[in-house]
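What follows is one structure encoded as structure tokens, with my remarks underneath.
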Amino acid sequence: MLQSLFKKVFGSRNERLVKQYLQKVKAINALEPAMEQLSDAELAGKTADFKARIEQGTSLDTLLPEAFAVVREAARRVLGLRHYDVQMVGGMVLHDGKIAEMRTGEGKTLMATLPAYLNALAGKGVHVVTVNDYLARRDAEWMGRVYGFLGLTTGVNLSHMPHAEKQAAYAADITYGTNNEYGFDYLRDNMVFEVGEKVQRPLAFGVIDEVDSILIDEARTPLIISGQSEENTALYQQVNLVPPRLTRQKDEESEGDYSVDEKSRQVLLSEAGHEKVEEILTEMGLLQPGGSLYDASNIMLMHHVYAALRAHALFFKDQHYVVQNGEVVIVDEFTGRLMSGRRWSEGLHQAVEAKEGVAIQKENQTLASITFQNFFRMYEKLSGMTGTADTEAFEFQSIYGLETVVIPTHRPMIRKDEHDQVYRTGRERDQAVINDVRACHERGQPVLVGTTSIEANEKLSAELKKAGLPHNVLNAKQHASEAEVIAQAGLPGAVTIATNMAGRGTDIVLGGSIQKEVDAIRNDAALADGEKDARITALKADWQTRHDAVLAAGGLHIIGTERHESRRVDNQLRGRSGRQGDPGSSRFFLSLEDPLLRIFASDRVAAIMNRLKMPEGEAIEHPWVTRAIENAQRKVEQRNFDIRKQLLEYDDVSNDQRKVIYEQRNELLASVEIGDTIRAMRYDVLGETIDQHIAPGSMDEQWDVAGLEKTLAAQFTLELPLRQWLDEDKTLNEEGLRKKILAAADAAYAEKEALVGAEGLRRFERAVMLQSLDTHWREHLSALDHLRQGIHLRGYAQKQPKQEYKREAFELFSAMLAAIKAEVTQITTTVQVRAPEDVQAVELHEEPSNVQYEHAGYDEGADFAAAESAEAAPSGPVHVGPKVGRNDPCPCGSGKKYKQCHGKLA
């Protein structure tokens, strides 16, 4: 109550911020008359003037009013579009590193030119991030005309682009590209063997379009670059025969072999199920008679069984994936788009391929990986824009430190959002949707029907065909024609069925879009200018008639056939209507069979329906029902937020390690001289080897001299007469012997340098170091994956899984660094380098075969949210000998802490 009173008196923080920005807009507007008086050359010359002032120490904030006024005038001259005051406010919000929530159709693309131009003046590069290649290309071409007019360069960064073109795109002042491509380029840059092969500059300023989709929806799906491992794929086909022979439990009390937890997307075998699976596998010859699935030797078999169960019970054709040209292609659950070239990890994709009877591709080994959360947090300054961010404002603030500012609309929003109608069955709901579509079509009102899956999309399309209603279908299968279909969805009486957010980023113009026809007439060289103008005028008059007819019919009507887990996605669907003050309406038709209602609210609503004795085909419609559904969505949103937060906390561990490895790698690439590093590593490794045979401070009688001689010869090709040295010099103590061994190793290495030359040996050292670093890092990523999958089970032992993960991940990392040190020392001391050709042979690094850019599984993170999962995880790496804590004394006996001795690389 006090809070609402405070808001009434002082206004909300959002209102106060917008008021402050509007004061700055007045200053920008005051400059407009002066800008209009400038010639094109004078206006374009402002860019050089701004850059000179920045060099003299003027801040971007000081330049903002003038720079924004320049961009507004340039856009008016080049595109015929003038930035509204609210777009100026949005531009300032983005420049300040915040998120601008701006309604659909309010001109986010044009708004982004303001902060992009201003920040590009600093010369560090600006990245505009979009959700697909089509939007990146469209926006770069469209807005690039404004930047080009003002003397700035624009690049577009697309997938499968040649290396030289990518470098040119990143060298431009402003680069447009997709979130995936920026992330993959970062990972690829950290896999190169020469500095000149890199494409990205340091990450300075990023503007993310559809920021909610990228930083929230896709935050659980890491970007993974992987190569194929040598694994037997026949096992997937054999294990695929197991799930059809098992019985699913209907509920917790009923009998069955396995249960499916839809909330956490897990499949769990019952006791009876375990026994039955063991019987089937024994019968197939995959399990030894009397063997158990829990035997250490059968861990991978267990992994295959669960992958097959998930493929059969949780992933369905035309909903989670489609089969195209003999391949299983993932459907993005948030956008409904096909994700060609992406594969689920952990053997799930192969299990789905086995289920569908298509060729099984080998399982992948992770070469590099990063989450969008950690990638985008590396930008010096980050901002975003979307039509729907307010519901997730807390998450943006807590995870990314980004404040959300709601920008007022240019014109008042008059769309009418009706209450949800809930039906008992999906059949009744579909009939109600068809009746509503028919009514809209007959009165000439365009209608957009949103579905949550391709399966529902095609099913509804078949029903509409049966009812004789003409319509356009838009889902991932029609990806190529997406923008065209959406652009014409505003024609009088048009019926369009689209999956979730297909066509996002393209406006639905009431009366249909005529831009394509206008461009065709303008570009027709056979027509005289007068004829062109006459045709365009006639075209516009015809469009105006259609536009007025649609307005009279009530504008665009939105029908939702199912509530999404997130209110934001529902708001995005609604937001397609009522753009820029246009009329419109929306309604959701639901059934008790929908996943959200079935899991969270069906019993309560069904009880109300029974109590009211509602006949078949009758819907329940009440603000209470709408509120109950929104509460269910809030619960799911909160749970998903908790999962993302948990995942981030786990991923931060590997992210810290990634930073160390990539920093080390970049230093190696940039440095010419790494001889000192190699020498320090050699001394460390030889020191450890000596310690194993001659313990520090031990008596002469305890020394294993013969064993040390043998080890030095075998591992480092150092044939040293240690016994002879000791016999000849009775005063030679442990320290003296150590010095002689290290001196002999240095002398042997100097001989190698004399043979091949200092420059050749440095190149050899660098190549060995890079390859060893990469190989061990890949193995480490795989070990971390295995550790992470089973870590939640530590909760049963009254241990904190997160703390255990941090501790073991550090131990793995320390072991990896020690292994790199040992391997590099062994290779550099044992490999015979006699000529420059030998160096070149080492430098010819083998490129990973069949590299793929992978999309991680949907169920990732469910383990952290629900420790009830009894799924056995693959065994983690085996540790030999006692584990050493980070702050414990180093076992080598140096007296230093482990982290300051053998716990670091060099």
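These residue numbers are counts, starting from 1, taken along the chain as shown.
Even glycines carry a Cβ here, placed using N, Cα and C.
Of the residues Gln87, Gln515, Swiss-Prot puts just one in the ATP site with Gly105, Glu106, Gly107, Lys108, Thr109, Asp507: Gln87. Look at the binding-site residues Gln87, Thr109 and count other Cβ atoms within 10 Å of each Cβ; Thr109 has the fewest. Around Lys108 (ATP binding site), the same-chain residues at least 6 positions away in sequence with a Cβ under 8 Å from its Cβ are Gly90, Ala100, Met102, Asp209, Met385, Thr386, Gly387. With a cut-off of 8 Å between CB atoms and residues at least 6 apart in sequence, the same chain places Leu81, His83, Tyr84, Gln87 near Gly107 (ATP binding site), listed in sequence order. Secondary structure at Glu106 (ATP binding site), taken from DSSP and collapsed to helix, strand or coil, is coil. Each of the binding-site residues Gly105, Glu106, Asp507 was ranked by the number of other C-beta atoms within 10 Å, and first place falls to Glu106. The residues near the ATP site, meaning same-chain residues not in Gln87, Gly105, Glu106, Gly107, Lys108, Thr109, Asp507 whose C-beta sits within 8 angstroms of the mean position of the site's C-beta atoms, are Met102, Thr104, Leu110, Met111, in sequence order. Spanning the listed ATP site, residues Gln87, Gly105, Glu106, Gly107, Lys108, Thr109, Asp507 have a farthest Cα to Cα distance of 17 Å.
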